[in-house]
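Undergrad: Feature annotation from Swiss-Prot assigns ATP binding site to HIS17, ASP168, ALA169, LYS170, ASP242, ARG248, LYS249, ALA265, LYS269. Annotated Mg(2+) binding site per Swiss-Prot: ASP19, in sequence order, evidence recorded as sequence analysis. For GLU45, the entry in Swiss-Prot reads K(+) binding site, with the evidence type sequence analysis. According to Swiss-Prot, the L-methionine binding site annotation covers GLU58, GLN101, ASP242, LYS273, on the basis of sequence analysis. Summarising the annotation, Swiss-Prot assigns region 'Flexible loop' to 101-111.
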Amino acid sequence: MSLKDFIFTSESVGEGHPDKVCDQISDAVLDAYLEQDPKSRVACETLVTTNLVVIAGEITSKGKVDAQEIARNVIRDIGYNDITMGFDADFAVVSAHVHAQSPDISQGVTEGEGLFKEQGAGDQGLMFGFAINETPELMPMPIYYSHELVKHLAGLRHGNKLKFLRPDAKSQVTVEYKDGKPVRIDTVVISTQHSPDVTHKQIEEALIEECIKKVIPANLLNNTKYFINPTGQFIIGGPHGDAGLTGRKIIVDTYGGYGRHGGGAFSGKDPSKVDRSAAYMGRYIAKNVVASGLADKCEVQLAYAIGVAEPVSVHVDTFGTGKISEEELVKRIRANFKLTPRGIIESLKLLEKGRKYRETASYGHFGRKGSTFTWEETDKASALKG
């Protein structure tokens with residue numbers, strides 16, 4: 001994305017969106033296995049539709065987990081606890097269908113086995129990390145405020161501040177840029193599921209005053225257009241309105257389309273899967289590059305071959321904002337970051353006791369605060385700067 005005048009849009013979805021329900025269930029199952037056995041190999045997929053949950057995948061672990069009960073607890077926490085919504089934690093049919101990880105894959109990711117003795121990547125693939133200095137979190141502004149809106153909306157619902165709110169919700173933020181810098185919010189879209197006993201005008205007024213104006217700074221709301229539940233009604237929602245699947249919100253999970261994506265989803269995957277762990281490392285690297293002042297904007301690509309520990313390539317793009325050459329930056333990255341699967345897991349403490357991947361499954365994996373989000377630390381900035 002070049003430095004010029006443009007308008008850019010990103011979206012987010014709430015914790016009650018069908019795809020996000022699935023992501024949270026998959027990550028809650030992952031957490032339960034890792035808590036009992038840190039060496040668990042987990043690839044957990046979830047499907048939801050009207051009062052039905054199907055869990056499937058490949059899991060090899062010494063742990064014993066009640067996936068059905070975990071799913072019900074997640075659904076209950078989100079707020080689907082009323083059968084009239086068509087999806088209810090206590091009445092949904094929940095089935096689990098899992099089997100062991102293929103031994104052909106296992107030998108490539110288990111240290112001491114396979115053609116290469118070091119722990120190899122769990123699959124081939126390419127992963128991207130991105131950072132930009134237009135928000136304090138070093139995230140693109142459109143996705144940052146999209147997340148903040150649905151997060152605030154969930155807080156209003158759980159706090160019973162707006163009694164008409166129901167779990168399913170989406171947001172979209174359009175930002176106007178001048179000379180590559182954000183100057184104003186052009187458009188905000190919020191669609192939220194609601195109870196039948198509220199008017200569209202009441203919803204519109206409440207969301208503008210209690211959500212949008214509480215989240216987005218007033219100086220950015222300049223001639224901003226608001227579209228609140230623009231179909232006019234959103235009573236039927238959640239898995240009753242649309243089927244959901246794990247891994248179907250990968251752009252919401254990352255940079256809202258502002259940075260590139262390698263195509264691999266995160267939720268339900270243990271850290272041996274570089275789809276997840278290397279994307280976290282990419283963000284860690286890019287954020288430290290920007291935090292160091294070596295670039296205003298940075299995108300990192302890592303690529304792996306299945307069963308091989310070292311990445312097959314490391315690529316950096318600073319979009320003309322770099323203070324040193326990209327070739328020199330790659331050298332410094334290789335010198336300061338461990339890029340093997342084992343090195344990534346150790347550096348980012350991805351198997352640390354008590355870690356909850358479920359926390360990542362709503363409101364984006366990046367630009368977040370808290371001990372879970374170790375890839376958001378900027379402790380390598382000084383070393384990179386040299």
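The backbone N, Cα and C atoms fix where each Cβ goes, glycine too.
Show me how these features fit into the structure around them.
TA: In this structure, HIS17 (ATP binding site) belongs to neither helix nor strand by DSSP; it is coil.
All protein chains considered, the CB of GLU45 (K(+) binding site) has 22 other CB atoms within 10 Å.
Shown in sequence order, PRO18 are the residues of the chain, 6+ apart in sequence, with a C-beta less than 8 angstroms from the C-beta of ASP242 (ATP binding site). Under the three-state DSSP scheme, ASP242 (ATP binding site) falls in the coil class.
Within the model, the region 'Flexible loop' (101-111) shows a mean pLDDT value of 61, rounded to a whole number.
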Undergrad: So the record assigns HIS17, ASP168, ALA169, LYS170, ASP242, ARG248, LYS249, ALA265, LYS269 to ATP. If I measure every Cα pair among those residues, what is the longest distance in angstrom, as a whole number?
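TA: If we measure all Cα pairs in HIS17, ASP168, ALA169, LYS170, ASP242, ARG248, LYS249, ALA265, LYS269, the largest is 25 Å.
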Undergrad: Spatially, and counting Cα to Cα, which of the binding-site residues is closest to LYS273 (L-methionine binding site)? Options: HIS17, ASP19, GLU45, LYS249.
TA: GLU45
Undergrad: Could you tell me which of these binding-site residues, HIS17, LYS273, has the fewest other Cβ atoms within 10 Å of its Cβ?
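TA: Counting other Cβ atoms within 10 Å of each of the binding-site residues HIS17, LYS273, the minimum falls on LYS273.
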Undergrad: Counting only other Cβ atoms and using a 10 Å cut-off, which of the binding-site residues ASP19, GLU58 scores lowest?
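TA: Per-residue Cβ counts within 10 Å for the binding-site residues ASP19, GLU58 bottom out at GLU58.
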Undergrad: Return only the integer: C-alpha distance in Å from ASP19 (Mg(2+) binding site) to GLU45 (K(+) binding site).
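TA: Here the two Cα atoms are 11 Å apart.
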